[in-house]
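Asks: I have a structure I would like to understand better, so I am pasting it below and will then ask my questions one at a time.
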Amino acid sequence: MDSGRDFLTLHGLQDDKDLQALLKGGQLLKVKSNSWRRERFYKLQEDCKTIWQESRKVMRTPESQLFSIEDIQEVRMGHRTEGLEKFARDVPENRCFSIVFKDQRNTLDLIAPSPADAQHWVQGLGKIIHHSGSMDQQQKLRHWIHSCLRKADKNKDNKMSFKELQNFLKELNIQVDDSYARKIFKECDHSQTDSLEDEEIETFYKILTQRKEIDRTFEEATGSKETLSVDQLVTFLQHQQREEEAGPALALSLIERYEPSETAKAQRQMTKDGFLMYLLSADGSAFDLAHRRVYQDMDQPLSHYLVSSSHNTYLLEDQLTGPSSTEAYIRALCKGCRCLELDCWDGPNQEPIIYHGYTFTSKILFCDVVRAIRDYAFKASPYPVILSLENHCSLEQQRVMARHLRTLLGPMLLDRPLDGVVTSLPSPEQLRGKILLKGKKLGGLFPPGGEGGPEATVVSDEDEAAEMEDEAVRSQVQHKSKEDKLRLAKELSDMVIYCKSVHFRGFPSSGTSGQAFYEMSSFSENRALRLLQESGNSFVRHNVNHLSRIYPAGWRTDSSNYSPVEMWNGGCQIVALNFQTPGSEMDVYQGRFLDNGACGYVLKPAFLRDPNSTFNSRALAHGPWWTPKRLNVRVISGQQLPKVNKNKNSIVDPKVTVEIHGVSRDVASRQTAVVTNNGFNPWWDTELEFEVAVPELALVRFVVEDYDASSKNDFIGQSTIPLKSLKQGYRHIHLLSKNGDQHPSATLFVKVALQD
């Protein structure tokens with residue numbers, strides 16, 4: 001069972017020159033610094049899933065010399081990472097390439113012996129990444145099982161002894177009783193050679209991957225027949241799956257897409273294999289397929305949307321000593337983030353730098369960050385990117401900043417009001433492909449004094465401090481002598497159009513005018529929570545026409561996060577989180593912005609866009625938002641849950657928790673029992689029930705943990721889905737890793753019902 005050959009044949013790549021070169025392997029120069037370049041051997045393994053890298057480190061385990069292609073975010077040709085930009089300028093770009101990983105491990109910067117070798121690696125890896133992504137769940141499952149078989153086949157004779165079979169089951173994360181394993185082994189060993197080969201391994205594979213819960217559901221739908229007719233499939237789609245579009249057209253399109261048997265397809269029928277393929281596909285996912293594209297109205301003012309926003313975007317770790325990196329900006333943009341933070345200070349050689357002021361975090365050039373933003377701003381979404389500037393620079397270096405922004409961003413930069421948009425904020429659609437600046441500004445929407453205006457003006461203490469998040473920095477600003485006050489360069493000020501940073505002076509009372517529509521304030525999480533507690537409805541109304549930015553409290557020097565949900569419930573749009581810090585807060589954040597095609601903008605519910613709204617999440621009364629639902633989740637089973645610690649021999653003991661995040665009365669959590677020693681196909685079949693009063697603000701988080709009686713449970717995987725995007729019926733939930741990346745085959749099988 002050669003999974004690599006299977007993979008190549010499946011995608012017609014068996015004669016591909018690039019992949020042949022990678023399977024053969026070759027020497028590459030690994031680059032770490034100006035003085036550290038070492039030759040190392042790299043080779044694509046036969047499973048076409050992993051790369052082996054030579055290591056000279058003492059005590060290195062064989063597993064640690066492998067990395068999975070599934071962990072690769074991107075392969076870049078040329079000097080396109082900080083490492084190669086700094087340390088390989090002497091080598092032609094066409095020999096240099098970098099492997100950038102999804103998680104927070106270091107980028108692998110490499111130099112090939114020739115341009116042709118570099119091309120083989122870049123194109124070859126690109127093909128595997130592309131084709132792996134296009135495999136359906138059944139193909140992924142088969143490919144994964146084959147690679148586990150290869151690992152277990154210690155003597156490489158393509159046969160499976162009973163001892164190797166036990167190793168194989170451990171690889172699969174399943175503890176099977178020896179007598180049961182021996183029983184299956186004997187059933188499959190037709191040749192009675194005390195080893196399994198070829199068809200015998202296939203038979204074993206089929207017994208292992210049989211899913212009784214799917215068999216049961218299929219039998220119910222067919223009335224115990226071998227296949228589903230179009231009418232039976234329509235009935236299943238209507239009554240179980242609650243599909244609004246259920247009808248013969250949808251049923252036939254599912255048969256066409258997922259039925260592997262040409263005979264069944266010709267007879268307009270679906271077999272059990274086709275049924276499983278459908279349930280494992282995007283059509284059978286718990287997340288509404290229609291919400292994977294932009295489907296909301298994108299023509300409303302910016303203040304009517306939640307905006308995916310990052311705090312201290314330049315950091316990869318904590319705020320005191322962590323590294324700053326342009327890579328952090330690229331990661332945030334690739335995750336759909338639309339508001340980035342740039343903490344700007346004077347740097348050497350008249351070049352502004354970005355870092356966390358008065359700390360030991362490393363420094364990066366402002367121009368390098370702007371270049372990275374230019375290159376990646378619109379890869380994940382076409383909608384506007386807001387650059388939140390925290391400006392500590394001298395006049396001279398502010399002018400350098402303005403010059404870099406203008407020359408590097410060119411027409412992407414919004415540097416004047418849009419025609420006719422002078423009384424309210426423009427919409428995401430009007431700002432498509434544009435980069436906006438948020439920062440201090442002299443005067444109103446139009447530059448003061450035209451051409452002959454002042455060259456620079458002193459900014460008020462309050463407006464300058466309004467932009468400074470760090471309390472130490474803010475108090476320094478407020479105690480500066482007159483000569484040291486921040487003077488703002490007109491060139492930079494004129495680039496701030498619709499996002500002028502101002503000090504928040506309170507909600508206007510009747511008859512007093514508040515902020516201009518293009519003025520916005522920033523609030524620490526504590527101040528925002530206080531405003532929500534004391535004036536929740538006023539905050540909601542303020543946020544109908546004005547943008548509000550929320551940032552983490554100053555004490556969070558470890559870059560921990562706060563819950564964004566309460567801020568969203570108050571209508572706050574730019575709720576900035578530390579994207580570099582995984583955890584439940586980022587899980588919920590990613591879940592919220594998975595909606596609307598993951599474009600980084602999600603339309604707020606109507607009651608958070610109404611200037612006369614009476615909504616207050618802290619004092620919930622009846623209103624248009626009050627549409628109570630009963631949510632019933634039956635957690636049936638799990639599939640291919642990953643090992644928590646790959647170096648441990650232990651098998652996971654999984655349990656599932658389902659959480660509701662929303663207004664405080666809706667917040668709830670229920671859990672299943674623990675299944676011991678089975679991460680491969682655990683079975684719970686447990687019903688969990690919830691009452692949800694404000695479904696438009698609710699998110700459902702499914703968390704799988706490895707139970708540990710003596711310490712904190714280990715995280716295995718999770719998925720967070722807005723309740724409005726959660727599909728009913730029998731569904732698979734595709735689990736994400738701690739860093740928010742998709743586990744290739746890990747799923748939960750559930751049945752969801754939602755009733756008024």
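Just so it is clear, glycine is given a Cβ too, placed from its N, Cα and C backbone atoms.
Here Swiss-Prot flags His311, His356 as active site, drawing on sequence analysis. Per Swiss-Prot, Ca(2+) 1 binding site is recorded for Asp153, Asn155, Asp157, Lys159, Glu164. Residues or ranges marked as Ca(2+) 3 binding site by Swiss-Prot: Asn312, Glu341, Asp343, Glu390. Swiss-Prot lists 21-130 with the feature domain 'PH', giving sequence analysis as the kind of evidence. The domain 'EF-hand 1' annotation in Swiss-Prot covers 140-175. Per Swiss-Prot, phosphothreonine is recorded for Thr457, and the stated evidence type is similarity to another entry. Among the features that Swiss-Prot reports, phosphoserine is placed at Ser460.
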Asks: What three-state class does DSSP give Glu164 (Ca(2+) 1 binding site)?
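Replies: Its secondary structure by DSSP: helix.
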Asks: Count the other Cβ atoms sitting within 10 Å of the Cβ of Lys159 (Ca(2+) 1 binding site), across every protein chain shown.
Replies: 16
Asks: Using the recorded Ca(2+) 1 site (Asp153, Asn155, Asp157, Lys159, Glu164) as reference, state which further residues of the same chain have their Cβ within 8 Å of the centre of those residues' Cβ atoms, listed in sequence order.
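Replies: Other same-chain residues near the Ca(2+) 1 site: Lys154, Lys156, Asn158, Met160, Ser161, Ser195.
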Asks: Sort the binding-site residues Asp153, Asn155, Asp157, Lys159 by C-alpha distance from Glu341 (Ca(2+) 3 binding site) and give me just the closest.
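Replies: If we rank Asp153, Asn155, Asp157, Lys159 by Cα distance to Glu341 (Ca(2+) 3 binding site), first place goes to Asp153.
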Asks: Where Asp157 (Ca(2+) 1 binding site) and Asn312 (Ca(2+) 3 binding site) are concerned, what is their Cα separation in Å, rounded?
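Replies: On Cα coordinates alone, these residues lie 53 Å apart.
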Asks: Can you check how the pLDDT averages out over the domain 'PH' (21-130)?
Replies: 90
Asks: Which site among Asn155, Asn312 has the most other CB atoms no more than 10 Å from its CB, taking these as binding-site residues?
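Replies: Answer returned by the neighbour count: Asn312.
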Asks: If one measures from the C-alpha of Glu390 (Ca(2+) 3 binding site) to the C-alpha of Glu164 (Ca(2+) 1 binding site), what distance in angstrom results, rounded to a whole number?
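Replies: For Glu390 (Ca(2+) 3 binding site) versus Glu164 (Ca(2+) 1 binding site), the Cα atoms are 59 Å apart.
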Asks: Among the binding-site residues Asp153, Asp157, Asp343, Glu390, which residue has its Cβ surrounded by the fewest other Cβ atoms within 10 Å?
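Replies: Among the binding-site residues Asp153, Asp157, Asp343, Glu390, the sparsest Cβ neighbourhood within 10 Å belongs to Asp157.
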Asks: Which is it, of Glu164, Glu341: the one of these binding-site residues whose Cβ has the most other Cβ atoms within 10 Å?
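Replies: Its Cβ has the most other Cβ atoms within 10 Å: Glu341.
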Asks: CB neighbours of His356 (active site) within 10 A?
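Replies: For His356 (active site), the 10 Å Cβ neighbour count is 26.
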Asks: Run through the Cβ atoms and count how many others sit within 10 Å of the one on His311 (active site).
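Replies: A 10 Å sphere around the Cβ of His311 (active site) contains 27 other Cβ atoms.
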